[in-house]
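Have a look at the structure below before the remarks.
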Amino acid sequence: MYRSSPFDLGSNITDFDAIRISLASPEKIRSWSHGEVTKPETINYRTFKPERDGLFCARIFGPVTDWECLCGKYKRMKHRGVICDKCGVEVTLSKVRRERLGHIELASPCSHVWFFKGLPSRIGHILDISLRDLESVLYFEAYVVVEPGDAPVKEREVIKDETKFRELDQQYRPTGFKALMGAEAIKELLKRVDAESLSVELREKMKNETSIQKRLKFAKRLKVAEAFRKSTNKPQWMILDVIPVIPPELRPLVPLDGGRFATSDLNDLYRRVINRNNRLKKLMDLHAPEVIVRNEKRMLQEAVDALFDNGRRGRVLRGANNRPLKSLSDTLKGKQGRFRQNLLGKRVDYSGRSVIVVGPELKLHQCGLPKKMALELFKPFIYHRLEQTGHCTTIKQAKELVEQQEPVVWDILEEVIKDHPVLLNRAPTLHRLGIQAFEPVLVEGKAIKIHPLVCTAFNADFDGDQMAVHIPLSPEAQIEASVLMLASHNILSPASGQPITVPTQDMVLGMYYLTKARPGSKGEGRAFANIEEVLLAKEMGEVETLTPIRLRYTGDVMDLTTAYDDQDVTHTEPVPFQRQYINTTVGRAILNDNLRRATAEMPYINGLLKKKGIGNLVNYVYLRFGLEITVQMLDQIKSLGFQYATRSGLSIGIDDMVISPNKAKVVKEAEQTVNSVQQQYLDGAITNGERYNKVVEIWSAITEKVADEMFGNMQQMDKAGEINPIYVMADSGARGSKQQIRQLSGMRGLMAKPSGEIIETPITANFREGLTVLEYFISTHGARKGLADTALKTADSGYLTRRLVDVAQDVIISEYDCGTVDGIYVSSIVESGEIIEPLRDRVIGRVSLEKIKDYEGNVVVDVNQEVTEDLANGIAAAGIERVKIRSVLTCESKRGVCALCYGRNLASGRLVELGEAVGVIAAQSIGEPGTQLTMRTFHIGGTASRVSEQSRLDAKNNGTARFHNLTVVRAKEGHLVVMNRNGAITVIDEKGREKERYAVVYGAKLRVEDGQQVKLGQVMVEWDPYTFAILTEIGGAVGFKDLHEGLTLHEEVDEVTGLSRHVVMDSPDEKRQPAIVIKGAKGTKRYLMPSRAHLMVLDGEEVFPGDVLAKIPRETTKTKDITGGLPRVVELFEARKPRETAVISEIDGTVKFGEVSKGQRKIYVVADDGTEREYSVPRGVHVNVQEGERIQAGEQLMDGPLNPHDILAVLGEKQLQSYLVNEIQEVYRLQGVNISDKHIETIVRQMMRWVKVEDVGDTNFLLEQQVDKFRFRAENEAAIASGGRPATGRPLMLGITKASLSTDSFISAASFQETTRVLTEASINGAVDHLRGLKENVIVGRLIPAGTGMEYYRNVALSPELEAQAQQVQEEVHQAYEEAERALELLRNEGEDETGNEELVAE
């Protein structure tokens, strides 16, 4: 495909639809080649010219300098295409040395290491020879039978014994016996393979085979046979006769100073091959002894292996400084490989980088660009404009003007950058808002100025961060930048739909100060007729900014001071006022005066605005007034915030850290409580573990109490009108948190040991008082761990993002409606009775699947209608519990997803458009906070924050208590005790609607009866969170079974207290099953005792229903690491099986216990129809179910995490999908990160696209093959249509890494991971990549098929009038391009034209 003429460069090679990869036949390799390389020499040591027929030969690969042959006989362009008769070099461009290949003819065939050694061995599979035997044949250690003749051996049998071979050879050679060794033998065998008949034969064998082991083996072989059958590849091409030599410029030899050369490793590897090949040729010509020739052939084979993949087999070849040589495979692999370094990540021109500083005077769509940078970046535009305006006539003159920085140049620069957006990017670019477009404003100095409000999106601060600038060149690029990427168009986060350009830090502080009321200020309580009077009084000094006043007002007023949530601007209804008085402050009047400049319809906002309130205000304005007004208002708030933060003069000093006066008293009380707990322990009432837990609990509570008191004090001072800057900063949300202030002026609290346990003696001091040496020492560990973790987790999170992007990159909105009839149900998320996320928030921006009706039967939302904010409020008002919506999980689009299943594009607030790359957006939205999760430790400095255990449930509403599925017994004290695990208690209002629902734990004490009226705050349930109790359901006498001292029981004597208690232990004899049997009037009942249970009763004792028989202490709590559950997220996305998973029941039924064998206890679940399932649970693990209890499918039989694959098998796809989405959301929710469900659903959809074939039927699938769902369905439909039997399969969930590697596109998979494996597989299959995803297109250098590059938007026809205009524009553009081309050509020829180009005047 090479082209020697430079004038053919215009012809386009991007005009193709697909790329195929396959094995190259020897003929193909020879046809690529421009000549055979026969000498190992590179360049001549004296002349530095390439040696003839060597690795850099100019005759084969092309001239070293443009338009010049090697000997210098032909120079200049006029001899184009001539082949020099003296040196044989063609006169052409030297860059053909980047594209011309050579070849090496091997004296003896060699195997290709990928196909022989890559697992599974393709050569081995197709010949049915084991890898070890194959290796011994290829490396001349054994013979393989090619022709058995009459000998008692089979074809392909491997003979390892030399003497045996000799005997057979002597005896049977006349009858045609032939055995060979080396690649020749294998090649001979491969030639005879007929893929077609092999395929048929294997399918027959599979049908008749009963052993699963053998069937799987046949399936593996069949896979390789099918690959050859379907592709044009021939098996013998896996053995090489000819090796291609890649172009010399791609394996350069660079002169260093000092006369030495740096060379690419490939040259060394090629030299080895050539040397050994030449030596082998000589030996063969000399008819050398077989042994020597064989040895040489083996060495040649090893050299070829090393060239293709160094270190795959045998020793790694090392270079001069003991560094392994980089082979061809290594050039492709890894982050530094061809794919990731050069194809996916290219460096671009017209870019620069510099330090950033804040530019508070900028508008949201502007950035400050240093003049020096702008001058360099916009050079071509300046040259062109200088020529146009007649300031100069040639490019050369323009260049001189710019270099001398003439005054006219600056004016031209101003003109050029007007309306020419630039892109700013801050690394790491974690989501799409890491690159935004701005209109440049020229600034002095060398720093880029950026608007303070975009810092959140870029995650930028001004402690030395740098940013890169890129210039969009083509008109299309400029339009896209200003329409799609302008900072003022990107104020919503694509992850959650919340505003992301929200004021932070100083601005929040200023706004808080401005809207604060300070009693006792000058002029308090004065009444004003309108805002203008207030401003006048302020100017005259009659009132202060914080003075509370009364203002007469006409218009809408949003009074946050009376609202339930005083920051909830979005949901507070404005009330119309008619010349009525508002109690407000001067500052709030100033704020509203400013806000009304953006729009006159703005309601008067009366309230103290904190960070959350300002965020909600931005959201409110965006929803009500749209983008333009929001942007104006943001700039108003920015200016006001900075202005008043400055005017307030807030600063902090040590006296602002107010220590609560009765801190000492509280701490003393705590010490007394701890001592009493210690005493209980000494008396033997509690175990050591319980003591520890209680002590930790006490100190946690005290730390909170001290902090609350301190905060309360600050609040009192604040109300009294004394401003405490530290309190103001934390309360406003500008900087610092309650936790940090607690450490400054409360107490530092509990710290963690390096092992992660909590040290039970807390640091009672704070930073203001100062720490003792011991306290300081205890603190250091936490602080250091924080720093170390941050560094490690950032890398993990980045890798997670990479995998997510890879698995979802080709999910694009491909059609408007896929016509599915399936959807998912959503309802509010409730955790321990609290509504964490109301239904209203979950359905906004989704599309309803069916009519949503209220209880009267009125339609609230229609079919396929997008649920807007108003409709969602309607749903909430109607009290609807759950709705069915469309989701990407149930979308039927074969490629990508459809707009209706996806719903709203969160970044724009409208229904998603065709071509939107929602997969990448989803991946970024999940990955970006991953880095945030990981960087979180940092600030709290390792203080142990334990989630204090909940031990009771209080009613949150008035209503009626109802029990659901609760089994209870009445204890002797008269209260009810819960005896099962899957029950719940709810509170119902007078209309019968469920207001709250709580799952109730086993062993909990109920403080209410079924149907009892409860009041708000009433205790309903209590339990002990630190131990797990086993209770009796019946009264009677205790009898021990298999509980013998020393065998299954041991007495633990506490060293401190001297008291003993019995603890159950594992017995070496498996027949013994420790249990307590209660014999009562109502019969007998047996309770199995797990190991580590502490017995609370004695043999023969009398017990009553609900009494505790044994306690199992819970593990002592360790502090939650800041992995922020990052490992948990990875575990879920990778579909890993967690360690020690819980066994779940596959059927509904009744529990029956079996015997223990081999360390496993058998549990049977018997269904109503008598079928039973058997489960094995490790002995000594606490079993969650009682004998005779009824359980449902999917219920856990023991404690532990669930295995997602089990959920899929037992409960099906929908259950698993909702499990994954909720589990992942939970991790993020704990961190306070808001991500829309649809992003997680998008990734989960990609994980669950697969089916594993269990029975092939009459289709072309293979057993155990994993297939795309849609392809599976299509093949089955085809099979049924032709009267065959369809295949059956089971749904399969793949982790994101596996799913990425299973994609149709081999280019995408190879650039992700395991490059060699992917390419080996693809080339055998003759795989065709249709370039449908994003990555493949980036790699081959085309526009990505998403966004404006989507097919749908290409080839759009225009009306005739527009057509004419477009034609004209096109001609003008074409003309401009031609001028530029001419100018470039002149610049190129400047150096070599003798005439000089001063006289050449371009028009």
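Backbone N, Cα and C atoms are what each Cβ position is placed from, and that goes for glycine too.
For C87 (Zn(2+) 1 binding site), the same-chain residues lying six or more positions away in sequence with a CB closer than 8 A to its CB are R52, A58, R59, C69, L70, C71, K73. Annotated Zn(2+) 1 binding site per Swiss-Prot: C69, C71, C84, C87, in sequence order, evidence recorded as sequence analysis.
Secondary structure at D461 (Mg(2+) binding site), taken from DSSP and collapsed to helix, strand or coil, is coil. Residues annotated as Mg(2+) binding site in Swiss-Prot, with sequence analysis given as evidence: D461, D463, D465.
C891 (Zn(2+) 2 binding site) falls outside any helix or strand according to DSSP and counts as coil. Within 10 Å of the Cβ of C891 (Zn(2+) 2 binding site) there are 26 other Cβ atoms, across all protein chains. The Zn(2+) 2 binding site annotation in Swiss-Prot covers C818, C891, C898, C901 and rests on sequence analysis.
Among the features that Swiss-Prot reports, compositional bias 'Acidic residues' is placed at 1391-1403.
Per Swiss-Prot, region 'Disordered' is recorded for 1384-1403.
A strand conformation is recorded for C898 (Zn(2+) 2 binding site) in the three-state DSSP classification. By neighbour count, meaning other C-beta atoms within 10 Å, the densest spot among the binding-site residues C69, C71, C818, C901 is C901. Taking the Cα atom of each, D463 (Mg(2+) binding site) and C84 (Zn(2+) 1 binding site) are about 63 angstrom apart. Shown are the binding-site residues D461, D463, D465; the one with the most C-beta atoms within 10 angstroms of its own C-beta is D465. D465 (Mg(2+) binding site) sits 40 Å from C898 (Zn(2+) 2 binding site), counting Cα to Cα.
Apart from D461, D463, D465, the Mg(2+) site neighbourhood in this chain, defined by C-beta within 8 angstroms of the site C-beta centre, holds I356, A460, F462, G464. C84 (Zn(2+) 1 binding site) sits 65 Å from C818 (Zn(2+) 2 binding site), counting Cα to Cα. In the three-state DSSP classification, C84 (Zn(2+) 1 binding site) falls within coil. The two recorded residues, C901 (Zn(2+) 2 binding site) and D461 (Mg(2+) binding site), show a Cα separation of 38 Å. Each residue in E815, D817, T820, R886, V888, T890, E892, S893, V897, A899, L900, Y902 lies on the same chain as C818, C891, C898, C901 and has a C-beta within 8 Å of the C-beta centroid of that Zn(2+) 2 site, without being one of the site residues. The residues near the Zn(2+) 1 site, meaning same-chain residues not in C69, C71, C84, C87 whose C-beta sits within 8 angstroms of the mean position of the site's C-beta atoms, are A58, L70, G72, K73, Y74, D85, K86, G88, V89, in sequence order. A sphere of 10 angstroms centred on the C-beta of C84 (Zn(2+) 1 binding site) encloses 20 other C-beta atoms.
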